[in-house]
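These features come from TrEMBL:
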type: COMPBIAS; residues: 180-194; note: compositional bias 'Basic and acidic residues'
type: REGION; residues: 173-194; note: region 'Disordered'
type: TRANSMEM; residues: 12-31; note: transmembrane segment
type: TRANSMEM; residues: 37-58; note: transmembrane segment
type: TRANSMEM; residues: 65-85; note: transmembrane segment
type: TRANSMEM; residues: 97-120; note: transmembrane segment
Amino acid sequence: MDTPSSLDRILRTTTLIAFFPALALLIPYGVVSCSVIPALGLVPAFFSAILGLPTSYLQRAQLTLYIDVFLAVSHISILIPFWVLNAGWNSWESGGVIMLGTYGTVLLMMDFCIHTFFVLRHIFRMCRMFSLVRTCPNCRTHIGTGVISRIARVSAEKPRHSCESEALYQPLDAPNYDDEAPKYDDEARISSEA
């Protein structure tokens with residue numbers, strides 16, 4: 001049962017507030033241009049506004065993910081034909097109509113960006129959840145994302161447990177080099193040269 005963060009509330013409320021100017025701009029544009037596309041653009045904007053109501057914060061993140069995906073796809077599927085048809089108005093007399101439609105699409109683009117943000121944030125959280133879980137074999141510390149600085153700080157300190165000493169981490173069958181045993185057989189080499 002996750003409560004929405006303040007950013008979630010602000011963005012959802014923004015979709016609610018953006019619906020009313022979009023309604024005021026896209027209805028006259030649809031009437032003047034004799035096009036049904038602006039009215040279709042108001043359908044996903046209306047559902048975005050319903051999702052943005054303060055009492056409709058859904059408690060299930062998976063359901064809001066599906067709704068956000070649906071609304072983002074429906075917004076972009078309305079916006080692309082809207083831009084293509086709006087580009088067909090090339091006469092000088094239709095400048096005000098084009099401007100009215102452009103201002104209406106800005107609000108739809110804002111809704112699209114908000115829903116896309118929620119979808120991408122959820123996808124990045126899912127990817128972070130499936131990342132590899134690593135554990136340090138020496139100190140049994142979980143190494144995850146954002147823990148690298150803490151691990152580097154801990155490794156510069158003394159061992160965390162009394163059983164962690166340098167001798168425990170050396171190979172078992174490593175040869176023992178004492179100071180008495182020469183690394184090179186210099187005496188044998190000198191005697192063979194003479």
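The chain as shown is numbered from 1 upward.
Even glycines carry a Cβ here, placed using N, Cα and C.
Automatic, uncurated: that is what TrEMBL annotation is.
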Which stretch, 12-31, 37-58, 97-120, tops the Cβ pairs under 8 Å count with the transmembrane segment (65-85)?
97-120
List, by number or range, the same-chain residues at least 6 past the transmembrane segment (97-120) whose CB is under 8 A from its CB atoms?
8, 11-12, 14-15, 18-19, 21-22, 25-26, 28-29, 32-33, 38, 41, 44-45, 48, 64-65, 68-69, 71-72, 75-76, 78-79, 82-83, 86, 89
